[in-house]
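Copied over from TrEMBL:
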- 30-47: transmembrane segment (TRANSMEM)
- 67-89: transmembrane segment (TRANSMEM)
- 101-124: transmembrane segment (TRANSMEM)
- 130-150: transmembrane segment (TRANSMEM)
- 157-174: transmembrane segment (TRANSMEM)
- 194-219: transmembrane segment (TRANSMEM)
- 231-248: transmembrane segment (TRANSMEM)
- 268-293: transmembrane segment (TRANSMEM)
- 300-318: transmembrane segment (TRANSMEM)
- 324-342: transmembrane segment (TRANSMEM)
């Protein structure tokens with residue numbers, strides 16, 4: 001009788017969770033769940049695809065750091081297109097551009113341009129699986145900068161996540177020689193490693209400063225306001241990166257790169273075009289998930305895309321996956337999970 005009672009407990013829990021899920025589903029229309037599914041899929045597919053395309057560019061003969069960083073912001077008109085029907089059909093007015101807000105957009109755009117350039121250096125010299133794992137440390141810096149700049153609270157779960165993810169980064173560093181591509185020197189690998197970490201730190205700073213803009217200037221987080229910020233910051237970053245391309249003569253160099261690119265000029269154009277499109281789709285998906293659901297779900301999806309990118313890199317690029325890297329992957333996902341649980345508990349308490 002005791003055994004029967006103990007086995008019924010999990011069944012009761014499953015039934016309770018299923019009932020809760022059904023009740024939650026009925027509270028929202030089908031269109032909501034369809035849009036949330038599309039947005040979540042965009043995050044899980046577009047961001048890993050963008051990372052893999054960046055690595056593919058270098059693997060097939062691309063050399064420029066400016067060109068691949070340019071693809072991260074060149075697609076800003078795609079995001080802007082989503083605002084037009086909101087203004088026309090939704091009777092929404094564009095947020096007025098004050099001098100202070102414009103300066104913030106320019107600053108964030110410049111920081112984004114620098115950040116994208118750092119990540120371009122990382123993908124030039126590191127396997128995509130390694131670069132993705134290192135980039136996940138941006139959560140650590142987001143939490144720290146959020147604490148110091150926006151005065152966000154740090155609970156024990158957040159601190160635990162910071163320590164765990166930092167440990168995962170150290171593990172990769174200890175095994176740095178096992179996954180270095182042929183033709184990449186030790187110095188280049190070290191540069192890629194360093195720029196990936198610095199880029200992750202800068203990404204965390206940008207995230208905290210963006211939140212500060214919402215708190216201090218915009219004061220609201222409606223979907224169109226978030227999209228407006230994405231468009232304006234990407235546009236400013238596009239201008240800065242385009243200037244870099246011009247100064248570095250990389251626009252002229254595109255023709256030379258395309259002619260020597262593996263599989264030809266059409267393949268070169270497709271890689272850059274899809275890198276541009278997928279990055280913007282990832283941004284749109286992430287913005288929609290934040291608005292439709294919560295930062296917790298966005299964090300869950302962000303955690304899931306790290307192993308997805310790593311696994312896809314192993315399959316497509318035959319990235320070496322040593323025991324150290326597998327351990328780092330497990331620890332990183334564990335760290336994300338700790339952060340998400342702590343953040344979820346905090347949200348429920350408030």
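One is the number of the first residue shown, and numbering goes on along the chain from there.
For all residues, glycine too, the Cβ spot is worked out from N, Cα and C.
Using the rule of three or more Cβ pairs under 8 Å, pairs at least 6 apart in sequence, the transmembrane segment (30-47) is not in contact with the transmembrane segment (324-342). For the transmembrane segment (101-124), same-chain residues at least 6 beyond its ends with a Cβ under 8 Å from one of its own Cβ atoms are 51, 54-55, 57-58, 65-66, 68-70, 72-73, 95, 131, 134-135, 188, 191-193, 195-196, 198-199, 202-203, 205-206, 209-210, 213, 217-218, 229, 232-241, 244. Ranked by Cβ pairs under 8 Å to the transmembrane segment (231-248), the stretches 67-89, 130-150, 268-293, 324-342 are led by 67-89. Pairs of Cβ atoms less than 8 Å apart link the transmembrane segment (268-293) most often to 67-89, out of 67-89, 130-150, 194-219, 324-342. Counting only same-chain residues 6+ beyond the ends of the transmembrane segment (130-150), those with a CB under 8 A from a CB of the stretch are 48, 51, 55, 119, 122-123, 158, 161-162, 165-166, 168-169, 172, 179, 192-193, 196-197, 199-201, 203-205, 207-209, 211-212, 215, 299, 302, 306, 309-310, 313, 319, 325, 328-329, 332, 335-336, 339. Within its own chain, the transmembrane segment (67-89) is flanked in space by residues 50, 54, 57-58, 112-113, 116-117, 119-120, 123-124, 223-224, 227-228, 230-231, 234-235, 237-238, 241-242, 244-245, 250, 253-254, 257, 272, 275-277, 279-281, 283-284, which lie at least six positions past its ends and keep a Cβ under 8 Å from the stretch.
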